[in-house]
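The structure appears right after this line, and notes come after that.
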Amino acid sequence: MGNDTAIVVESTKPIAAPSTTLEFQDVCYHVRHKDGQNKPLLNSVSGTFRSGRLAGILGPSGAGKSTLLNILSGFKTNNVTGNILINGTPIDRRKYRREVSYTPQDVCLLGNITVTESLEFAADLKLSPDITMAQKSNMVVDVLRLLGLSKCANNPVANISGGEKKRLSIGLELISNPKIMFFDEPTSGLDIIAAMQVVAHLKDLAASGRCVICVIHQPSSSIIQMFDDLFVLSEGHCLYRGPLSNLVDTFKGCGFECPNYYNRADFALEIASLKHEGNLLQLRERAKQQEIRVETEKTIPNEASNCDEKDSMLKPAVDGDSINSSACSSASPCDRQYPSTEWSQFVTLTRRTMLCTFRDLQLTKMRLLAHLFVGLLIAVVFYNVGNDGSKVLSNASCLFFFLIFVFFANSMPLVMTFPLETSVFVRERMNNWYSLKAYYFSKLVADFPFLILGPSVFLAGAYYLTSQPMELDRIVMLWSICIFTSWVAQMTGLLAGSVLPLELSVFCVPCSVIPMLIFC
């Protein structure tokens, strides 16, 4: 039986924490249709989420759940109106990005590195350079223990279970100790036990003093009862916002009677899907006037004595973000857009990319073997044409095929592999891990060994067997041209893979090589 066969959560006692209240007022969002008309997806939605309470956003497909989550997390700003406040103060979007984390629905992880390595790279990217390596290592160990990942710490990410991948996604964002954490359907694709395990960890994080907000879809009765507050959406309107315990009574007051022993989440979804008769307009109006009441028995105790040594991962959040206190001793680190410097980002991303590349032995071997095989194939076809004056045109064709192959061999791997990393890049960029410039140059530098090694292996056999002049300046000149061609091919493949869909980039890159070879 795997780790997900039982719900085992390391308990963490509630600890003293400065309360965080996320409030949004009259949030509206619309999209423009092809006919030029604006279609509202959210209509004057208001609500409040508080730290210490696990909140769920519930609604049928198309209700606006993910849209609201993207707006609250600060990743969707165009065509948005309304106010977002933290503790009654309008947000500063630049600072806000450093205080929140967003975990998308799909698991976006690199499969060739281990669980521990994933967290270590996240710590290097997301924490201030003033944090020592020993402190970072301790934090990684704490996250592994807190999320029940210690048993699979040394396993490649590709080999762990779905529930463990979900928890690792949580851990990657937990490294920076955000005050507010957003999750888009964290239980999707999981069996009931793994889903309960993930939600139990989220509730544990909320109990530590964070504001945890999740989009949930068709939760079971055992999962829905773990939530403290619920926010129900229907066609862009709020039907209910408040404690889960008041959900049934509120609906009953508007003519919606919940049967005995019926799943409250299913009942709310059926009402939001307009499958029950009742006064829906009254329900919407009541939601607009309703204030979320925090039940006193579920509030966080203020006694710091409740803390024990197991809470070391949670302490920074309660000590005024002590993780970043040393970094904020001067004005400049706190004013930076990213926690680490661009040079540190570049070095860390280069190490991670090279580690993933060299562990993908199949792709590495195939690239080298392809250079060797095609080099020998061209040598057989154009054997001994380099020193024969009557075969000048054949020799020109030979050199032309040299460049053609070098271009394709170095552009197409990036065209094919970059889309596989796009989801990881988008998640990390959304959570403010690093700059685009650092990521781009790290990709170029990480592939640099193949940029040199591939053409060198190719020319080693092809140059000699085609009887090209054995003069050092000619050899260096052709080798330099091939290296430069492979560098241009690398950038072309990276550009096409990042901008165009895979099907279109596979077509456009071969088309782009012809003008370059004709006019260059």
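Note that Cβ sites are derived from N, Cα and C of the backbone, with glycine treated the same way.
Any TrEMBL annotation is an automated prediction that lacks curation.
The domain 'ABC transporter' annotation in TrEMBL covers 22-260.
Within the chain, the transmembrane segment (368-386) has long-range Cβ neighbours (under 8 A, six or more residues past its boundaries) at 394-395, 397-398, 401-402, 405, 409, 453-455, 457-462, 464-469. The feature transmembrane segment is assigned by TrEMBL to 368-386 (among others).
Within the chain, the transmembrane segment (398-420) has long-range Cβ neighbours (under 8 A, six or more residues past its boundaries) at 363, 367, 370-371, 374, 378, 381-382, 385-386, 443, 447, 450-451, 454-455, 458-459, 462, 466, 478, 481-482, 485-490, 492-494, 496-498, 502, 505-506, 509-510, 513, 516-517. Among the features that TrEMBL reports, transmembrane segment is placed at 398-420 (among others).
The transmembrane segment feature in TrEMBL is assigned to 440-464 (among others).
Under the heading transmembrane segment, TrEMBL lists 476-496 (among others).
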Counting only residues at least 6 beyond its ends, the same-chain positions whose CB falls under 8 A of a CB in the transmembrane segment (440-464) are 345-346, 349-350, 352-354, 357, 364, 367-368, 371-372, 374-376, 378-379, 402, 405-406, 409-410, 414, 418, 470, 475, 478-479, 482-483, 485-487, 490-491, 494
For the domain 'ABC transporter' (22-260), what's the mean pLDDT in this predicted model?
87
